[in-house]
Structures are given as structure tokens and as C-alpha cells.
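*Asks:* Below are the features listed in Swiss-Prot for this protein:
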type	residues	note
DOMAIN	3-136	domain 'B12-binding'
BINDING	ALA13, ASP14, VAL15, HIS16, ALA17, SER61, SER62, LEU63, ASN93, LEU94, VAL95, VAL96, GLY97	adenosylcob(III)alamin binding site
Amino acid sequence: MEGKTLVLGVIGADVHAVGNRILDYAFTQAGFKVINIGVLASQEEFIRAAIETAASVIMVSSLYGHGELDCRGLREKCQESGIGDILLYVGGNLVVGKQEFSEVEKRFLAMGFNRVYPPGTMPEAAIEDLRKDLEL
């Protein structure tokens, strides 16, 4: 898995750090090089880290319910920055209130995300998807 780098962080005004650390550990143990930009991260910080490290994937976490607002336009900014083909994964409690996950997923896929995960998804699911999407 040499060279398979991913950028991991918690977007927006979200300070939920525990899940971020768990994901960092799980992806590292699975053999990925994790660039963890931590909490309170802007879209620009994700993109800058991805460019600087030649990452294959940006993984966005959001637990405070405003992920939909915070993630809007990320794919377009990636395209403008020359990394339009990068894989975009997002997961967590992405919206305020109780909404059908299938509807939330549709909206994030329409925003250009490749994978969307509901609250409570185990890291192994994302690891399996990473291996498929990166053809490992």
C-alpha cells in the first residue's frame, strides 16, 4: 500500500475529536498513511493537505449536524485546485434532525462525494471501500 495516503479531519466548527482519533488508528493499522488535520478544519485545509502530501483520498468527518453545509462546494474547490479526481469520503451525523439516510446519501453523492457513511459505521466498512476504490 506504499503511497496510499489519505487526509482525515473534522470539518467546520465541529470539535468531536474522539472518532477522528479512532479512524486515524484504524486506517493506520490497515496500512494507510494518514495525514490527520484534526478538528475545526476548513475545506481549504483539507485540499492543501491533500496537495502537499499527494493524497489519494480526503476523508471528512462531521458529527455536529452541519456537515451538509460545511461540505457544500468541496468537489468544485478540489477541481479548481487541480485535484478534481481525488476520492471524497464523508461520514458521521451529517444533518440536523432525523432524516432518512438514503436521502442524505443522495444529496452528498450529488455534491460529488464518492462514499457517504451514516453515524455508527465501523471503520472496517470504509477500509473495505478504500481497498476497492483504490484497487488494492
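Note: Cβ is positioned from N, Cα and C throughout, glycine not excepted.
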*Asks:* Let's check the environment of SER62 (adenosylcob(III)alamin binding site): how many other CB atoms sit within 10 Å of its CB?
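*Replies:* Around SER62 (adenosylcob(III)alamin binding site), other Cβ atoms within 10 Å: 25.
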*Asks:* Which of these binding-site residues has the least crowded Cβ, counting other Cβ atoms within 10 Å: VAL15, ALA17, VAL95?
*Replies:* VAL15
*Asks:* Cβ-Cβ under 8 Å from ALA13 (adenosylcob(III)alamin binding site), same chain, 6 or more residues apart: which ones?
*Replies:* LEU40, TYR64, HIS66, ASP70
*Asks:* Below 8 Å Cβ to Cβ and six or more residues apart, same chain only. Which residues does that give for GLY97 (adenosylcob(III)alamin binding site)?
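*Replies:* When sequence neighbours closer than 6 are ignored, GLY97 (adenosylcob(III)alamin binding site) has GLY65 within Cβ distance under 8 Å.
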*Asks:* Determine the mean pLDDT over the domain 'B12-binding' (3-136), rounding to the nearest whole number.
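*Replies:* Taking every residue of the domain 'B12-binding' (3-136) together, the mean pLDDT is 97.
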*Asks:* Taking the Cβ of ASN93 (adenosylcob(III)alamin binding site) as reference, which residues of that chain separated by at least 6 in sequence fall under 8 Å from it?
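*Replies:* SER62, LEU63, TYR64, GLY65, GLY67, PRO119 - these are the non-local Cβ neighbours of ASN93 (adenosylcob(III)alamin binding site), listed in sequence order.
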*Asks:* Look up SER62 (adenosylcob(III)alamin binding site) in the DSSP assignment and report helix, strand or coil.
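*Replies:* It is in a strand.
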